[in-house]
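Asks: Dropping the structure in here first, questions after.
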Amino acid sequence: MSLPDKAFPVSWDQFHRDARALAWRLAGLDQTFKAIVCITRGGLVPAAIISRELNIRLIETVCIASYHDYVNQGDMVLLKGIAPELAENGGEGVLVVDDLTDTGKTAAQVRTMLPKAHFACVYAKPKGVPTVDTFITEVSQDTWIYFPWDMGFTYQEPIAKGAR
């Protein structure tokens, strides 16, 4: 697998700080959330952090696969839907959490299931920004974010080509 020109590696410490910043931002809203629906798999880690910080005990998952080869976003496959009681009233009072909105396709699909829910993610790319209500950090569309759960310790090429 070749590395993209723009890589944004995120450490566990950085992700934890960013997820807590998202929790702070959500806590500042004039809204009470009765449940979190996390988009798996990326939403699992931020949902755990946010649920702790906001004391939300009810956590549900919606399982959608879109990155089948870890490089290119493909067709959306719904692997597991949302509990019917959380979808009542359009998902009002539900917080949907993901790690990233890239093209916005995944969030848009979940939004059809929960049109009144509040959508939050840690990172956003320009095409995905319109599909979420709250996020922390925006990166360019051509940047690939390397999340800590996807990485091991390996050599990284310098940003400047030929600089060693």
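Indices start at 1 and increase along the chain as displayed.
From the backbone N, Cα and C atoms, a Cβ is placed for every residue, glycine too.
Below, the features straight out of Swiss-Prot:
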- Arg41, Gly42, Asp98, Asp99, Leu100, Thr101, Asp102, Thr103, Gly104, Lys105, Thr106: 5-phospho-alpha-D-ribose 1-diphosphate binding site (BINDING)
- Asp99: Mg(2+) binding site (BINDING)
- Asp102, Thr103, Gly104, Lys105, Thr106, Trp144, Ile145: GMP binding site (BINDING)
- Asp102, Ile145: xanthine binding site (BINDING)
- Asp102, Ile145: guanine binding site (BINDING)
Asks: Find, for the listed binding-site residues Thr103, Thr106, the residue with the lowest Cβ contact count at a 10 Å cut-off, counting only other Cβ atoms.
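Replies: The binding-site residues Thr103, Thr106 were compared, and Thr103 has the fewest Cβ atoms within 10 Å.
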Asks: Can you tell me the CA-to-CA distance separating Trp144 (GMP binding site) and Leu100 (5-phospho-alpha-D-ribose 1-diphosphate binding site), as a whole number of Å?
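Replies: Counting only the Cα atoms, the answer is 11 Å.
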Asks: Using C-alpha positions only, work out which of the binding-site residues Arg41, Lys105, Thr106 is nearest to the residue listed as 'Mg(2+) binding site'.
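Replies: Result for the residue listed as 'Mg(2+) binding site': the nearest of the binding-site residues is Arg41.
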Asks: Across all chains shown, how many C-beta atoms besides its own are within 10 angstroms of the C-beta of the residue listed as 'Mg(2+) binding site'?
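Replies: A 10 Å sphere around the Cβ of the residue listed as 'Mg(2+) binding site' contains 23 other Cβ atoms.
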Asks: In Å, how large is the greatest distance between any two Cα atoms among Arg41, Gly42, Asp98, Asp99, Leu100, Thr101, Asp102, Thr103, Gly104, Lys105, Thr106, the listed binders of 5-phospho-alpha-D-ribose 1-diphosphate?
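Replies: Across Arg41, Gly42, Asp98, Asp99, Leu100, Thr101, Asp102, Thr103, Gly104, Lys105, Thr106, the two farthest Cα atoms sit 17 Å apart.
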Asks: Lys105 (GMP binding site) to Asp98 (5-phospho-alpha-D-ribose 1-diphosphate binding site): how many Å between their Cα atoms?
Replies: 12
Asks: What's the number of neighbouring CB atoms sitting within 10 A of the CB on Ile145 (GMP binding site)?
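Replies: The answer is 21.
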Asks: Give me the Cα-Cα distance between Gly104 (5-phospho-alpha-D-ribose 1-diphosphate binding site) and Ile145 (GMP binding site), rounded to a whole Å.
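Replies: Between the alpha carbons of Gly104 (5-phospho-alpha-D-ribose 1-diphosphate binding site) and Ile145 (GMP binding site) there are 15 Å.
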Asks: Across all the protein chains here, work out how many other Cβ atoms are within 10 Å of the Cβ of Leu100 (5-phospho-alpha-D-ribose 1-diphosphate binding site).
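Replies: A count of 23.
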Asks: Assuming the binding residues for GMP are exactly those in the record, Asp102, Thr103, Gly104, Lys105, Thr106, Trp144, Ile145, what is the maximum CA-CA distance in angstrom, rounded?
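Replies: Maximum Cα-Cα distance: 17 Å.
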